[in-house]
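Chemist: Take a look at this one; I'll ask things after.
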Amino acid sequence: MSAHDPKASKHTAVEGEDRALKRIARSGAANVGAAAVGSASNFLLIVLITRFWASEDAGLLFAATSFFIIAVALAHLGADQGLVRFIAWNVGRGAGHSNRATVLAGVLPSLSMTLVVAVLGYAAAPWLAGLLGAQSGAEGALIIRVLAVTLPFAVLYEQLLAVCRGYAVMKPTIVLERALRPTLQMLLILAAGLAQSGVVVLTLAWTLPYALCFLLAGVAAVRTLRRHRDDWHGAGPIGEDLRSEFWRFTAPRGLARMAQVMIQRADIVIVTVMLGPAPAAIYTAATRFLVLGQVATSALQQVSEPQLARLLARKRKDTVSLVIRQMTLWSVALVWPVYLVFAVHASALMALVFGPGYEAGGIVLQLLATAMLVATAVGPLDVLLLMAGRSSLSLLNISVALVVDLALCVLLIPQLGILGAGIAWAAAIIAKNLLCLWQVRKHLGISVFSRELVMWLISLLGLFGLLGLLGSLPPAQPWVGLGISALTGIFYLGYLWSKRTLLMPKKVVA
């Protein structure tokens, strides 16, 4: 057979598609399972906080932890995403001997930034506590300082997991980040609530799992590197521009990640500053429903990163196109029912889950669920841009979204309250995803849309949207609509499991 036989090349390409999709499906299924546990725990801890603590204390913690999560993104400088991408690219190009230098190039600057941010946060604790409306200045400052001390553990923990993912070792991320850490947080917060502890103990319950998981992630990273010792200790030339190449990709990604986190969290801080901790608690509770919907999409995106990086490194555009379409189809099939239920039954769910008074956040939940329907249908295009080395476009998109979010927050929150914050975030989500859709089509020539995707969108709109609305028509009878949606969901899950091969391309099923 000729070395340039087109049949052989086509056969190799099909095998590549099969392998990539099977790896993503296999790792994604495990990641979705663990993420479901973790997301349920994350959601339950919000429920526990709103049930056990006053709304003022709950809002203060939500705002303080939002500051913490923004600080983590700032301290990373995007190095965790860069580690995944460059380790996978080095392995895919047969340059695994460069990974030791790559890890050092990423971790050391990030660690330095982490220490700077932690020290500044510790020193500014009294001022931050006053800004967030803490009823007790000393107690609020102590909360901020507990979070500042935890910051280095959180940053290094995530970077150790990134090293594992770069080698396509997903288990540590699946077990630790997706399941163990949020579950420990939920259990410790439950214990603190049952003990009727104050908000400082609540903060400790939220932060301690980061330190424990940091130690476990260190063990996992050492084991991963031992399994790849030939690459890690291998001989070979290391490019003189390795560090600059790494940070050319990573610096825009770091800014993009910080902007993304600010879109997700800065509105909580702004609501706290403008309206007070109690409205912030209601707003945060409404936005946390999105976490349940993001289980499948975030899990699939995370496990796809090394696969897409390898395929793009080998210039396998057709395979990448197939993979990204399948990921979009999987995400829609798994996530659209969740967001449709949230949109249809928002106020009833808020009151049922978080208690009296929280139904005021129903309109916010409806807005954000609708925006996430659009985002899910567009597909994981930001991941594709990043793995294709287009981090500058990702930064542009998220920057536009952040400007939209912050500007609308400042304009609308004083007039509309938490509804203004919901409008701002929904507009930012839609703006970012539409920009991604246009850029991927223009620069990479890839489209996520297919006949199968349209079929699923229409079917799910009828099944969970229209049917749910019809069930909610009788006034003052929210249980009827919720019951119909619950029964529909049970039927749908059974159908999805029995017909799961419909979500795989025929050649992969074969």
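Indices start at 1 and increase along the chain as displayed.
Heads up, the Cβ atoms here are built off N, Cα and C, so glycines get one too.
Source: prediction; values computed, not measured.
The annotation transmembrane segment is assigned in TrEMBL to 29-54, 60-79, 100-122, 142-163, 184-202, 329-354, 360-381, 393-413, 419-441, 453-473, 479-497.
Thinking about packing and proximity, how do these listed features fit into the structure?
Modeler: Note on the transmembrane segment (60-79): residues 49, 53, 106-107, 109-110, 113-114, 117-118, 121, 128, 132-135, 140, 143-144, 147, 150-151, 154-155, 158-159, 162, 199, 202-203, 206, 250-258, 260-262, 264-266, 268-269, 272, 277, 280-281, 284 of its chain, located 6 or more positions outside it, place their CB under 8 angstroms from a CB of the stretch.
Within the chain, the transmembrane segment (184-202) has long-range Cβ neighbours (under 8 A, six or more residues past its boundaries) at 41-42, 44-45, 48-49, 51-53, 57, 60-61, 139, 142-143, 146, 208-209, 212-213.
Outside the transmembrane segment (360-381), and at least 6 residues removed from its termini, the chain residues within Cβ reach (under 8 Å) are 282-283, 285-287, 289-290, 293-294, 297, 300-301, 304, 324-325, 327-328, 331-332, 335-336, 339-340, 342-343, 346-351, 354, 418-419, 421-423, 425-427, 429-430, 432-434, 436-437, 439-440, 448, 453, 457.
Listed by sequence, the residues of this chain that lie at least six past the ends of the transmembrane segment (419-441) yet keep a Cβ under 8 A from its Cβ atoms are 263-264, 267, 270-271, 283, 286-287, 363-365, 367-368, 370-372, 374-375, 378, 381-382, 384-385, 390, 393-394, 396-398, 400-402, 404-409, 411-413, 447-448.
Within the same chain, residues 325, 328-329, 332-333, 336-337, 340-341, 343-345, 377, 480-485, 488-489, 492 sit at least 6 positions outside the transmembrane segment (453-473) and bring their C-beta atoms closer than 8 Å to a C-beta of that stretch.
Sequence-distant neighbours of the transmembrane segment (479-497) (same chain, 6+ residues past either end, Cβ-Cβ under 8 Å): 333, 337, 341, 344-345, 348-349, 352, 463-464, 467-472, 503.
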Chemist: Taking residues 6+ outside the transmembrane segment (142-163), which of them lie with a CB under 8 Å of any CB in it?
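Modeler: Cβ under 8 Å, 6 or more out: 60-61, 64-65, 67-68, 71-72, 75-76, 79-81, 83-84, 87, 103, 106-107, 110-111, 114-115, 117-119, 121-122, 124-125, 128-129, 134, 172-173, 176-177, 199-200, 203-204, 207, 210-211, 213-214, 217-218, 220-221, 224-225.
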